[in-house]
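Notes follow the structure.
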Amino acid sequence: MSIEVLIILLYLALMLAIGFFVQRRGAVETSKGYLVANRNIGPVLIGGTLFATFWGGGTLLGGAGAAYDGHLLATIADPWASGITLLLMAVFFVTILRKMKIASLGEMYYLRYGMKGSLVASFLSLPTLIFWTSVQILAIGKILNVLIGLPAVESAVFAGLIVIIYTYLGGMLAVIITDNIQMVLILLGLAVLIPTGISYAGGIEAIAANTPADFWSILPDDASPSGIGWTFTGIMAWFAAWCGMGLGSLASLDISQRVFCARDDKAARQGLLFGTGLYWVAGLGPIVLGLVGIVMVNNGLIDGAVLAQDPELIVPYLAKTLLSPWMMALFVGSLVAAIMSTASSAIFAAAAVISTNFIHGSVSDHVHHEKRVLRITRALVVAIGLLCIGISFTATGVYDLMIFGFTLLFACLFWTVVCGLFWKRANAPGAIASMLSGFFTTLAGIAALSLQEGAFTLVPPDNEWTVFFTFVPTVVAGAAMFVVSHLTQTSHPPVPLRDTDGQVLKWPELAEQPVIVRREPDGVPVAAAAAQPVPEEE
């Protein structure tokens, strides 16, 4: 057995041990403990889990490949726009979301838009999480196949099963603990490969002398191989790169899940800011590795033929070329850690939104059937994880598929989240019209693109299609939200923003109408006014 395989097996055993440990401690015996880690996590752990969640196969493999192929401009969406998401969440969303006392973002949809709005929003959240998880599993197979020669399919399945098991056992607390261990391994891996690559390429001076003139341009550049130049399409593609991930990720369930786990507002905000800084600093790593690859290929130090076929292989190819067996073992461990962290977070977020919305309603009202909720959420972790493993075999590219997933969130759910929290007149018909119009406009775009390409195509092949998928469905969704909400103010009066106890947080003048804030154990919705709070758990 090689040292690389041994290190990976030891790492996987550690992840399983953490899941067993958390379960044995009894920290996940209630739905609150399982879904939001008893709301007792400090800022450092929150920041670490946010960093590790965002830092997956798309960032490391895809980011380096994008930098190699399209330079800095091609990496705007991730990590730079992704970091903007965490900043926006810290500044505008933390306080109001935590005041709602919810355990998943899906509960906000339920409290603001009722059952139908909640179900539509939760359903449309799932494709992004499933795409994202499938991307991570695909990346694991690529890495282990290229670096240590393990079969790609078997490696991906095995690692995916480990993720399912420790998430099933330990819930959100296990995810947070493993995320922070994985964060340390990620940083160690970058600390090993980046200096080695720079040295092998001839040092900083050699890299500076051979860096393409447009490589570090963050503004549109006509010379950029990304195609983002000073044309109308180029400028719109530049804005699309920022908006698709930067604004679309605001509706991401796994980010808000960590906000709900923090012990207070201050810890959540500090964790978001810490995660932002760490993500941006570490996010330079894949970009530097992409540049190192360019210099080494141009100077004949490595063969560029492999990278011409798949630029996302740049990181594993550099590692295989440059590192000793022990250093390779450490780096492979860090890669697997990064990817498994993201996969576990996405699987858990998907399971949480289904269990709290599709099946039972608000987790805060599960006083009468805690064990049932816990059992169903765990079953969903297994089912969703297996589904993602299956879907991963149909995917090809890591970075573009990840970006498309979050662009879909932007199109379908951006207005629903923002208007639900900040616009008084938002109502259920407006939200449902917004989400469905964004979704079906996206489907129409996919159909048109597939007809053009002659085969089913999910990822935009050029900047024109990227602009379409980012902005057209989103504009249609925004127009639907505002127009339909205004037209249905009388038939469907908007409700105030409440917490899960029924207390009004915003717009008390709307509180004259009773609203559904809870369900009885038999699942029958019950209209409850603010003066009728949900019973506290004993």
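Using N, Cα and C of the backbone, Cβ positions are placed for all residues, glycine too.
What TrEMBL records for this protein:
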type: TRANSMEM; residues: 6-23; note: transmembrane segment
type: TRANSMEM; residues: 44-68; note: transmembrane segment
type: TRANSMEM; residues: 80-98; note: transmembrane segment
type: TRANSMEM; residues: 119-144; note: transmembrane segment
type: TRANSMEM; residues: 156-177; note: transmembrane segment
type: TRANSMEM; residues: 184-208; note: transmembrane segment
type: TRANSMEM; residues: 228-251; note: transmembrane segment
type: TRANSMEM; residues: 272-297; note: transmembrane segment
type: TRANSMEM; residues: 376-395; note: transmembrane segment
type: TRANSMEM; residues: 401-423; note: transmembrane segment
type: TRANSMEM; residues: 430-450; note: transmembrane segment
type: TRANSMEM; residues: 465-484; note: transmembrane segment
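Fewer than three CB pairs closer than 8 A are found between the transmembrane segment (430-450) and the transmembrane segment (44-68), and contact between the two stretches is not assigned (pairs 6 or more residues apart). Counting C-beta pairs under 8 angstroms (sequence separation of 6 or more), the transmembrane segment (401-423) reaches the transmembrane segment (119-144) with 3 or more such pairs. With pairs at least 6 apart in sequence, the transmembrane segment (44-68) and the transmembrane segment (272-297) have 3 or more Cβ pairs within the 8 Å limit; the two touch.
Among the recorded stretches 6-23, 119-144, 156-177, 228-251, 465-484, the one sharing the largest number of Cβ pairs closer than 8 Å with the transmembrane segment (376-395) is 119-144. Long-range contacts of the transmembrane segment (465-484) within the same chain, counting only residues at least 6 positions beyond its ends with a Cβ under 8 Å from a Cβ of the stretch, are 233, 236-237, 239-241, 243-244, 404, 407, 410-412, 414-416, 419, 426, 429-431, 433-439, 441-442, 445, 449.
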